[in-house]
Amino acid sequence: MALRFEILGRFNRARAAQLILPHYECQTPLFMPVGTQGTIKGLTTHQLEDIGCQIILGNTYHLALRPTSELIDELGGLHKFMNWPRALLTDSGGFQMVSLLHLADITEKGVTFQSPVDGKPMLLTPEESIQIQNRIGADIIMALDDVVKTTITGPRIEEAMYRTLRWIDRCIAAHKRPHEQNLFGIVQGGLDPVLRDICVRGLVERNLPGYAIGGLAGGEDKDSFWRVVAQCTAALPEHKPRYVMGVGYPLDIVVCSALGADMYDCVYPTRTARFGTALVPEGVLKLKHKAMEDDMRPIDPTCDCMVCKTYTRAYIHCLVTKDAMGSQLLSYHNLYYMMKLSRDLHSSIVEGRFPEFVCQFLQKMFPQGDVPEWVCNAMEVAGIDISSCCAPFSSIPNKVEDTQNQEVKQ
């Protein structure tokens, strides 16, 4: 295995660790921004280093189409190609089964996509996915899994889970660089606890370097979301990293960390930036609103990022509707926020003040004490007393939108 995972501190299920990869020594919990084609839109790799980014994601499916994995390999791998000295993770291409379902046909052999570039069919098998990722050269590579939305019910969920287990063996057999790249398996099974348990046990038997919890953040209710995370983290090995795929809302990351997860990724911080939205401790700040046009405060007065030190809300408001610089500045700020959240989670666990950190986080986000009931339930399982920041349960429905945090009222 090309990684070392050393737990440095814990509080009940939550843990802070050092994850040593071939290209970087990372501190967990950590958030990984998504750079689909070898770039985080609008930011340089030097800027990403400045804000403390540890791992960047690349997308196997899109990189295989353009510029092709063969070219990346010829040019020395994705690290060299994009001038990124720290860690990289590539997904398997499997998520496109969901996002490009109208272009995909799934069989036991693999997934046939209609290329969005030229319309030609492209077969992605477990073997081909691993070969592409071996050429790209990321520190962590993901097994090809059969991905199904959690909102789907019926026999398709069970079919996908068992296919994921069959495909992991094909991925392991195809993996030619196990001493340089770490192959993670992905737990599937929808919202069915029995199927999730079967998948966890099957993957753990393969003794992989790390494990991901897949198939979430796809529209399921929040109560189901946290329960699947809690079930999987409790059953996965204590001495291996645990990665919850597609999770990027700050509240979700705090909850999942309390439940014992270590790694997260999502396009949310950068995508919401392109729509003029900034992440702040109180929730989100909509810079497009007219109230921002003469507001001379920084985005977040408590933030030490370059954007908050240099620019006003009024200036960014002027840019977000007219100039690409606006989304670049907000992307920088939002990723700085996510990196600081990761560091704060790590240090609060190591220093033995994790419950206090969670309460302070929730108090800022829910000053009226209207913490969603699903969060309260999850914290009870995590063994964290948040009664000091909770009013009696509000009637907030458990919808996925609730974790996009309240808009800050001006």
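Every residue number used here counts from 1 along the chain in the order it is shown.
Here the Cβ of each residue, glycine as well, is placed from N, Cα and C on the backbone.
Residues 246-252 are the range that TrEMBL records as region 'RNA binding', among 8-14, 71-77, 232-238, 246-252. Averaged across the domain 'tRNA-guanine(15) transglycosylase-like' (13-365), pLDDT for the predicted model comes to 95. Of the chain residues outside the Zn(2+) site list Cys303, Cys305, Cys308, His333, Pro298, Ile299, Asp300, Asp304, Met306, Val307, Lys309, Tyr332, Tyr336, Tyr337 have their Cβ within 8 Å of the site's Cβ mean position.
Each residue of the region 'RNA binding' (246-252) gets a DSSP state, and the totals for helix, strand and coil are 3 helix, 0 strand, 4 coil. Here the C-alpha separation of His333 (Zn(2+) binding site) and Asp265 (active site, nucleophile) works out to 17 Å.
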